[in-house]
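Swiss-Prot annotations:
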type    : residues                       : note
BINDING : CYS311, CYS314, CYS357, GLU364 : [4Fe-4S] cluster binding site
Amino acid sequence: MHDAVTRPTPPSDATAWPRRQTHAVQIGGVTVGGGKPVVVQSMTNTDTSDVASSVKQVAELWRAGSEMVRLTVNTVEAAAAIPRIVDKLAMMGIDVPLIGDFHYNGHQLLTAEPACAEALAKYRINPGNVGFGKKKDLQFAQLIEFAIRYNKPVRIGANWGSLDQALAAKLMDENNLREQPWDAGRVLREALIRSALDSAEQAVELGLPRDRIVLSAKVSGVQELIAVYRDLAQRSDFALHLGLTEAGIGSKGIVASSAALGVLLQEGIGDTIRISLTPEPGQSRTQEVIVAQELLQTTGQRAFTPLVTACPGCGRTTSEFFQELAKVVQNHVREKMPLWKIHHPGAENMTLAVMGCIVNGPGESRHANIGISLPGTGETPAAPVFVDGEKKVTLRGDNIAQEFVALIDDYVEHTYVRSAG
């Protein structure tokens with residue numbers, strides 16, 4: 001692999017790099033870039049023209065914590081549905097910015113359904129398929145004109161699965177003339193970056209302000225994505241949307257996305273993220289939101305809900321109870337967090353530990369705000385609980401889970417100041 005840019009020097013301490021400075025882009029009521037916290041977004045997989053199903057899924061994603069939601073707009077029926085979806089969400093008290101995902105025919109759809117152009121909070125434009133040949137510039141310009149008319153931001157989202165083939169061929173020809181030609185992978189990365197940057201500059205020339213442009217350049221390989229975004233970050237001051245495209249299903253998708261985005265976020269690159277998971281059969285679409293939040297929280301970018309530290313278990317642990325307790329605790333704090341966020345701000349930063357034996361249990365529990373060390377093999381059947389580093393109580397018997405959860409609730413009630421109202 002060839003990095004196109006020099007990597008920044010890491011800080012000498014354990015902190016991440018400072019956030020990259022970008023234009024601040026207002027998307028509905030959410031600000032992306034400009035030093036604001038990294039924003040979590042998601043995407044529906046419903047038929048957008050099915051208003052009821054789309055509203056239901058947007059609401060689920062919003063309740064899970066998605067701060068922006070993207071929907072496919074691929075037909076006139078889908079475009080016509082967008083204002084109705086916005087209205088129904090508003091009736092439910094849900095004010096989440098909706099992003100229209102356009103490919104091939106966006107200019108035609110917005111011309112046919114201008115109410116869609118007005119209702120959306122942002123447009124996503126793919127420079128690789130917005131048009132071909134002589135029609136490309138015209139059709140791109142039509143979409144930008146809608147954005148200007150309705151005061152909407154756009155994301156210019158290049159993707160190596162739909163790369164501008166004319167640009168790629170041009171750069172391949174130029175590469176053949178180099179004294180030391182780049183490898184094909186580097187040329188394709190450059191084509192992806194140039195596609196995004198050139199389109200952004202074209203939008204600016206058409207009259208779209210820089211603070212209404214977000215860029216992305218997605219690939220499905222971890223190392224390629226890191227190289228692309230390092231380069232893109234050094235060559236522009238546009239806000240950047242991060243995502244590993246087609247990340248995959250299950251643990252593979254989670255690990256690949258986290259490996260790529262974690263590196264970039266630690267280097268201060270990225271203003272909004274999406275985890276592009278393929279849902280497993282029967283799995284909720286909200287999984288991608290939870291993974292995005294946990295990635296941001298574990299890398300120290302933001303705090304959404306208390307996370308539970310728990311040991312994996314070994315031959316010293318006597319049962320699966322500590323694993324079950326860890327799950328109970330994590331589910332409990334997730335369920336409580338919407339109310340805690342209102343009445344007990346700061347509770348999202350609380351740290352919890354559920355440990356399974358004496359080896360690391362007491363030590364890890366002391367590091368947490370509240371921790372419990374359950375007995376392992378051959379240990380006294382008692383579970384000491386530590387609060388802010390000090391042993392507070394020892395739990396015994398059949399109600400340890402309920403008693404520990406009650407201690408957590410009591411801690412939140414008395415530690416995090418209740419807001420008025």
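Just so it is clear, glycine is given a Cβ too, placed from its N, Cα and C backbone atoms.
Positions of Swiss-Prot features highlighted on the structure.
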residue : record                        : DSSP (3 states)
CYS311  : [4Fe-4S] cluster binding site : coil
CYS357  : [4Fe-4S] cluster binding site : coil
GLU364  : [4Fe-4S] cluster binding site : helix
Next on the checklist: My understanding is the cutoff is Cβ-Cβ under 8 Å with a sequence separation of 6 or more in the same chain; which residues meet that for GLU364 ([4Fe-4S] cluster binding site)?
Outcome noted: THR309, CYS311, ALA353, MET355, GLY371, SER373
Checklist entry - Within 8 Å of the Cβ centroid of the [4Fe-4S] cluster site residues CYS311, CYS314, CYS357, GLU364, which other residues of the same chain have their Cβ? => result PRO312, GLY313, ARG316, THR317, PHE322, MET355, GLY356, VAL359, ASN360, GLY361, GLY376
Next on the checklist: Return the count of C-beta atoms lying within 10 angstroms of the C-beta of CYS311 ([4Fe-4S] cluster binding site), excluding that atom itself.
Outcome noted: 22
Next on the checklist: Among the binding-site residues CYS314, CYS357, which residue has the fewest other Cβ atoms within 10 Å of its own Cβ?
Outcome noted: CYS314
